[in-house]
């Protein structure tokens, strides 16, 4: 058991250095692989669309919907992955913190690094999931299939995600201060609840889209099935993060002497593994279909 001078228990065990290093390496490898895949896919699709009117800035548009549709270019979609890769890097750095803690479990700095970064990283990855789903809806012209206003659909989910992020980040910061641990834990729990609620609602919209896309997408019969792999990746990733967040909620409800926080295997089985699987799902899924291919196909068919 590792405690601070104030008596706060940092760890109920000595963190495993080997496990932490393994996940640092895995997160770095998968992040680099998927980053290369993303940039390659974006460049390939961008070249294919270079003579497409949707890539031109002086197009005449007949409606607001057309204007929004033509804004779905390749480059802005690449930017949507920035939160994803930021979250992946935070995961790796978080486990570096755990590796450092294994040598000196009483040090607060590595503890704070791993505690805060591993807590908030999934919220950044979730932001990319929301934005990619929004682009999928727009490019397939299926905005009407979600249960909120099409204009504010993506914004709604991203704002909720940002709110969750700041609640968890603030809570993580307070937990590192003597006398504020309960307040910090409460904020973290609230942030996780917000994340679960928004993810649950998001998954409902994902399923609604999947079930009804055939009758709503005007060029459904002409488009390839690459969008199915994109959608499946988003849905699987959402469920993995949802599972991870639910376990985290239980952890903080149990308190600092609870069973989950007292046993290290929970952080790996229900946090490290699900988040690594999210990156793997995106990487493997991109071989069968990525959002850039879907944008290219839909815009070509709509032209």
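Note that Cβ sites are derived from N, Cα and C of the backbone, with glycine treated the same way.
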Quick one: does Swiss-Prot have residue 177 and residue 296 on the same side of the membrane?
no
Candidate ranges 55-75, 265-285 [criterion: Swiss-Prot lists as transmembrane segment]:
265-285
Helix-strand-coil residue split for the topological domain 'Cytoplasmic' (205-226), DSSP-based:
13 helix, 0 strand, 9 coil
Applying the under-8 angstroms CB criterion, which one of 19-39, 112-132, 184-204, 227-247, 265-285 scores highest with the transmembrane segment (77-97)?
112-132
Which residues of the same chain, at least 6 past either end of the topological domain 'Extracellular' (248-264), have a Cβ under 8 Å from a Cβ in it?
8-9, 12-13, 15-16, 19, 119, 181, 185, 188-189, 192-193, 196, 270-271
Long-range environment of the transmembrane segment (19-39) - Cβ separation under 8 angstroms, sequence gap at least 6:
78, 81, 85, 88-89, 91-92, 95-96, 98-99, 102, 264, 268, 272, 276, 279-280, 282-283, 286, 290
